[in-house]
């Protein structure tokens with residue numbers, strides 16, 4: 001599933017092509033993704049200039065004068081920038097095309113767990129949308145600190161890894177990046193969130209930012225379906241310290257990496273480096 005780094009890589013790849021350009025038309029070939037594609041979306045966007053492309057958590061927000069169209073990639077979704085001249089014929093899982101003068105932005109989603117939604121400007125700020133309003137803070141924002149994590153986890157018995165994944169404290173720390181961040185911070189993923197000290201949470205906040213920044217720089221992680229807007233795979237997974245390395249020696253101390261299951265997801269950690 002594309003997480004924050006993959007979505008940010010997509011945003012950065014798309015923005016130079018669409019910001020300041022007008023949508024000539026929209027071809028909707030599938031009316032039902034995770035939720036119904038809004039009726040009249042093509043009419044709403046025809047001849048509209050894209051003013052900006054933002055990211056909130058794992059959602060992409062395309063602003064036009066009349067509002068925002070919101071895209072979520074789901075588990076297998078991708079947005080590709082393709083040349084309008086010689087555009088490939090749409091395949092089975094190519095659901096929506098936003099057509100500009102010289103190129104096409106194509107949404108592909110084999111499993112159809114992604115979403116394309118519309119938020120009209122008269123409904124208020126897009127960040128108040130029901131899918132966005134309850135999200136945690138952005139990991140690169142000044143609001144994301146060790147003090148925030150410490151305060152929000154007092155009395156919580158859930159594991160620190162599961163607390164990171166929940167998304168109500170900080171957005172975008174998916175399974176890969178939670179395991180990697182906890183390794184960098186030296187925190188065992190099974191530790192109760194409420195028992196982690198403030199200094200350790202300060203290290204964890206720094207580790208989350210560093211891990212996500214490294215992943216973005218490397219184009220995200222490609223485990224199955226993800227490719228960036230240019231069709232290239234990410235390669236962060238090649239440099240992971242612990243994720244998907246069960247039984248292999250720790251890159252720091254040579255202890256074999258262990259794998260356990262938490263909340264039906266695989267967790268990887270070093271029993272020596274993480275306490």
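Note: Cβ is positioned from N, Cα and C throughout, glycine not excepted.
Here is what Swiss-Prot records for this protein:
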- 2: active site, schiff-base intermediate with DNA (ACT_SITE)
- 3: active site, proton donor (ACT_SITE)
- 58: active site, proton donor (ACT_SITE)
- 93, 111, 156: DNA binding site (BINDING)
- 241-275: zinc finger (ZN_FING)
- 265: active site, proton donor (ACT_SITE)
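Mapped onto this structure are the features recorded in Swiss-Prot.
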{"residue": "2", "record": "active site, schiff-base intermediate with DNA", "CB count, 10 Å": "27"}
{"residue": "3", "record": "active site, proton donor", "CB count, 10 Å": "23"}
{"residue": "58", "record": "active site, proton donor", "CB count, 10 Å": "21"}
{"residue": "93", "record": "DNA binding site", "CB count, 10 Å": "16"}
{"residue": "111", "record": "DNA binding site", "CB count, 10 Å": "14"}
{"residue": "156", "record": "DNA binding site", "CB count, 10 Å": "16"}
{"residue": "265", "record": "active site, proton donor", "CB count, 10 Å": "14"}
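Distance from the CA of residue 265 (active site, proton donor) to the CA of residue 156 (DNA binding site) is 20 Å. Summarising the DNA site geometry, the residues cited as binding it (93, 111, 156) extend over a maximum Cα to Cα distance of 42 Å. Residues in the zinc finger (241-275) partition by DSSP class (helix H, G, I; strand E, B; coil) as 0 helix, 12 strand, 23 coil. Across the residues of the zinc finger (241-275), the predicted structure has a mean pLDDT of 97.
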